[in-house]
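Here is the structure we will look at, set down as structure tokens.
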Amino acid sequence: MKGEVKHSLQSKATQPITACLMNAAFISALGSSYLYGYNLSVVNAPAMFIKSMYNRTWMERYGQPASTETVTLLWSSTVSIFAIGGLLGTLCVSSMVKALGRKGTLLLNNCFAVIAAVLLSLGETAGSFEMLLVGRLIMGVDSGIALCALPMYLGEISPRNIRGSIGQFNSILICLGVFTGQVLGLPQLLGQESKWPFLFAFLAVPALIQLCVLPFFPESPRYLLMERRDEAAAEKAFQRFLGKKDVSKELEEVYAEGHAQSNLQVVSVPQLIRNPAVRWQLITVIITMACYQLCGLNAIWYYTNGILAEAGFAGNIIPYITLSTGAVETLAAIVSGLVIERIGRRPLLIFGFSTMAVCFGFLTVFLNLQDRVSWFPYLSYVCILAVIACFCSGPGGIPFVLTGELFEQSYRPAAFMIAGLVNWLSNFAVGLLFPFIQAALQTYAFLVFAGVCILGAAYLYTVLPETKNKTFVEISRSFAKINKVPVQSPGDARELELQGELSLAIQPGQGSPKGKVTEMESSF
């Protein structure tokens, strides 16, 4: 028997990551988080041309140029309405993933991206700034849905030993999208007055690729089994994602999770908030998501060009140097995806926030002394790159992974809705309040963000358990003490698991499944 168990564990350790799983993760992220990242940076390059178009359109309509205040209002609305759309998208994602499934929601979401691409790219031709505003709003809706449905899908299709790495596709593609927006926005490419609409037309390309390719990959097997009650489809999905025929142990584990939950129906947001059994999971997700937006990375983008100018770089080469921020961001996200299963979620989060706080401290010193020491602006820029790298090493992607891991199946859609609301409201708050903070504190504004990072790291150090290579039931059980709910004993958990095993393993004419159960090891 020991030999069988040893062989089982070795099989699990050497089980290859299938092409189906990798391709499904990449394609689902390409049409989702990639577009979100692209939209974060794509508006920077054509800003001057869009403002000029607004002024020209105003002149054609009303016979006089628009005032500076009007153009500023239209431009700020174009930028900020993206976050409002994200908020709207988050509000409807729970009902969408329940009705359409995780993959179905991602597929439908591509329609929003294509419609937004058409409106944004044809706005100048039609002489309509309203088309740009509506296009940005719809693109925000697309991103709000994507940032909830995608991590849910990635977390549910991944074996637990690589769940964090697969979940980091979300973060990696966000960073790659930001970098793509920076590259295509260069003056030699699409950052020209005659070509800027093509920057927005590009939005349709990843969406159409996903729309054509993703239907060939399976739906989340957990969704199929626990919410659709379609065991045959769930078994086929497991087989394709894991690359093996015998997936009975994976099915048993999902059944055991279902038996462990008191309510198999998808719960609403109010029900989730009132449930004491998941109270600290919810608090942890809210705090982590708030720190994700309030840790100061948005402020970094605001300062980058100014610091480069202070360092003596010529204005015409600053856009090329700025590409280094996108490159560092993408590289750090890839490294995080490679090491997350070895190091764990908790250490990467705590390390990321802690080192960001240290870098913000040094950045404040260098910014205040850069007029006295000629080479301090270069150190300021190094600090900027360090902050970006620290952010993407953990805080940039793990909050989305955690949201999927801290909650079992019936709570997950409501949890992602709350996480999304916190994400977009915090994003909007930073955009609204940072100009006032910067005006009042100048370069000392970064100390505010350092404080947020320290508080976030302290909370995670105190409350968050490690979740790598654990089942969703085991993760929920680790919060039982702090939630002050009865801890399920290992014997009870095994009994629940055996109920699922017996429902699958005992067929007419078969004997006891004990031997079979002993030699199987679940990937999930």
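Any Cβ shown, glycine's included, is placed from N, Cα and C.
Model, not experiment: these values are computed from the prediction.
Residues or ranges marked as domain 'Major facilitator superfamily (MFS) profile' by TrEMBL: 25-468. Per TrEMBL, the feature transmembrane segment maps to 20-38, 73-93, 105-122, 134-154, 166-184, 196-217, 282-302, 317-340, 347-366, 378-402, 414-437, 443-464.
With a cut-off of 8 Å on Cβ pairs spaced 6 or more residues apart, the transmembrane segment (73-93) and the transmembrane segment (443-464) reach fewer than 3 such pairs and are scored as not touching. At the 8 Å Cβ cutoff, the transmembrane segment (166-184) and the transmembrane segment (105-122) share fewer than 3 close pairs (sequence separation 6 or more) and do not count as touching.
Using a cut-off of 8 Å between Cβ atoms, the transmembrane segment (20-38) and the transmembrane segment (134-154) share at least three residue pairs, counting only pairs 6 or more apart in sequence.
Residues 147, 150-151, 155, 163-164, 167-168, 170-172, 174-175, 284-285, 288-289, 291-292, 295-297, 300, 303-304, 307-308, 310-311, 324-325, 328-333, 335-337, 340, 345, 348-353, 355-356, 359-360, 362-363, 366-367, 370, 419, 456, 464, 467 of the same chain lie 6 or more positions beyond the ends of the transmembrane segment (378-402) yet place their CB under 8 Å from a CB of it.
Counting Cβ pairs under 8 Å to the transmembrane segment (347-366), the top-ranked stretch among 105-122, 196-217, 317-340, 414-437 is 317-340.
For the transmembrane segment (317-340), same-chain residues at least 6 beyond its ends with a Cβ under 8 Å from one of its own Cβ atoms are 41, 45, 164-165, 168-169, 171-172, 174-176, 178-179, 182-183, 185-187, 191, 301, 304-305, 308-309, 348, 384-385, 388-394, 396-398, 401, 468. In the predicted structure, the domain 'Major facilitator superfamily (MFS) profile' (25-468) carries a mean pLDDT of 87.
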